[in-house]
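The following features are taken from TrEMBL:
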- 26-64: region 'Disordered' (REGION)
- 26-40: compositional bias 'Polar residues' (COMPBIAS)
- 50-64: compositional bias 'Polar residues' (COMPBIAS)
- 75-134: domain 'Thiamine pyrophosphate enzyme N-terminal TPP-binding' (DOMAIN)
- 142-164: region 'Disordered' (REGION)
- 168-213: domain 'Thiamine pyrophosphate enzyme N-terminal TPP-binding' (DOMAIN)
- 325-440: domain 'Thiamine pyrophosphate enzyme central' (DOMAIN)
- 517-601: domain 'Thiamine pyrophosphate enzyme TPP-binding' (DOMAIN)
Amino acid sequence: MLYSVTVGLRDDDAAEWASSTRSHTLATASPSLTPLSDSANHPLEHSHSASETTQPLNRTMSSPGQLAGDQVYLGTYLLDRLAQLDVKCLFGVPGDFNLTFLDLVEEHPEVQWIGNCNELNAAYAADGYARVKQAQINSIREGEQAGSKPGHATTHGGKDKTQGGVRGLGALLTTFGVGELSAVNGIAGAYSERVPILHIVGVPSTKLQKSKALLHHTLGNGEFTVFEQASAGITCARAFLQRAEEAAQEIDRVLLAALTTARPAYVTLPTDLVFVPVPKKRLEDPIIPMRVGFEDKNVLPTGKKVEEEEKNRLQFVVGEIERLWNDAKEPIILIDACAIRYGVGHLVRDLVHATGVKFYTTPMGRTAIDEDPSNGFGGVYVGEVTDPKVKEVVEKTDLALMVGSLKSDFNTGEFSYSFPTEQTVELHSDHTLVQYAHYPSISFHQLLPALTKVLKHKPHVTHPPSDRGLQTQIPDGDADKVVSQAAFWPMMGKFFEEGDIVVAETGTSSFGMISTPLPKGSTFVSQVLWGSIGWTGGATLGALLAAKEAPKPRRVILFIGDGSLQLTVQEVATMVRLDLKPILVVLNNDGYTIEKKIHGETAGYNDISSWNWQSMLDFFNAYDQPKPTRSWLAPTRRELERILADDEFRKADRIQVLEVKMDKLDAPVALEKQGKLSAELNAA
Ligand SMILES: Cc1ncc(C[n+]2csc(CCOP(=O)(O)OP(=O)(O)O)c2C)c(N)n1
Ligand SMILES: [Mg+2]
């Protein structure tokens, strides 16, 4: 049996999934509903669970004895599941309620423990890891997954049968209350941006919970489910484990939900359940997110088969889109975030090639497929914020086929998209919109290959500008002054190499990257919708570890403002410790420039304390045998040019900081425009 989902789930309906699973977890969590006081009713629980294994927390719990060959500890079961889903790194912070599980992590042959400086950074890192893993899978066609092992959950019989959902998963381990709450912002960001993370929380034993013990990390009121409830709105499914016999099934349920909805899920691991034995056999059934299915079987005419109806429905929608396509003189394809998150990059690429039309991306859709003009790339579309030449061409289209759109403010130029509904088709993971018609449960996983077969090749009437609206020309400027934002971004565009992973923090960095060319095989990582500053400090660590799993070496280049880096800077220490080699570009403009562009240009609240970025690597490299590092300072444009041309810098063979001095009020054009739009909207 495969653990599969064929229920209908709309992109915005994860909340429904959450509420349906919530009632399930409540049933197992609530002492009044769960026969916790009656563990003798449950043989497995009686022999291995609360009553026997609730002991003082000490390391003897990690060696509770030999298991029969067909059994595995629940903690190991969970790790084996993660390994099957190709999760090789577990991020987090230890705490006494997760220590014995950590013993199993240390023993595990495939999952590596990455201890972080705090749980927020750990959640960010799990997010960055999942994104880059997904991006690395995206360029590969179904069934061609490099390095996949038979029996892995992502493959089945050697051929990838995933028809929906995602495969880039992250994992996070925290401790009860204090740890898990510190991760909340990171988990919420992953929920908002559609990144699946399994958040595992080590919690007190079921017996201590039942006795309402006045434990550390509790609120002192005997409530043990309150932190799980705090995660309710920011996870797609939760399992508050209480009973040994259903624990493995519960773990599978939340993992499947995370992969199906591309959202984080939550599971508690009470100290007394870590070592309960569960049958190994269950691991033989992989967890495969299946495509969304026909959700309401009651609407079927009597006697009709679901499969037949689904096929007919798909054909009908394909026909509708084909009809519009045939009539259109110059259709375009607009690629957005969910095309990346749901791993359909290769399917969109096939459609672009088959139809020969130009494709554009939103800021969140960048690098879904290679962005070179020979590939059909026309530029980045962000409504009013778009380069005027690109905007004109895009808005001339008579049919915009949008794939995975996520129309948030910063992704649409403050909702200034300009496509009439009659001229749009939207393909999503779990529904399709054709003009005004809505087709639930028609997913782009099915639709894209079907369209690639039937949509006609269309010659272009109008052409995007040859620079695709990206800043390829470096404007002149005084070589002895600080570099301008206008010159800095095209300079970086020239510095990028094939395969680079480019991470951009909220601020002048994320807006500067909107108009910066990205090379073949590159991956762009940014948190445009959630926009929690400091996110990239953790996410870069995750990206670096995911990059290590890529078949070829990849440079990881972070652009981060001086204000944002102050939030999560400690994680640089983890990068040093693990001998990772990012290029950390710190834009030192003396404060919160992005905020100044929206409001309070000279206000004191947009100032920050000044840090010595040149000492950062030394400070975090306080080992007996320090790792090699390099710190570069570019106080002038001339100096920056020299550094960027330096082979020592380019080869990225150690962790490096490049501090670039910039003017306080200098901002990329896209931010100047967005700042005005945001200020107007805030005042409305
Ligand atoms: C966690 C969090 N706190 C506050 C904010 C509000 N905020 C958005 S951008 C920003 C300033 C970023 O400044 P910096 O990193 O220096 O970027 P730049 O100067 O390059 O614009 C702040 C405070 C936020 N987005 N996230
Ligand atoms: Mg700044």
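From the backbone N, Cα and C atoms, a Cβ is placed for every residue, glycine too.
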Please list the DSSP helix, strand and coil residue counts for the domain 'Thiamine pyrophosphate enzyme central' (325-440).
39 helix, 29 strand, 48 coil
Could you give me three numbers for the domain 'Thiamine pyrophosphate enzyme N-terminal TPP-binding' (168-213), the DSSP helix, strand and coil residue counts?
19 helix, 13 strand, 14 coil
Mean pLDDT, the domain 'Thiamine pyrophosphate enzyme TPP-binding' (517-601)?
97
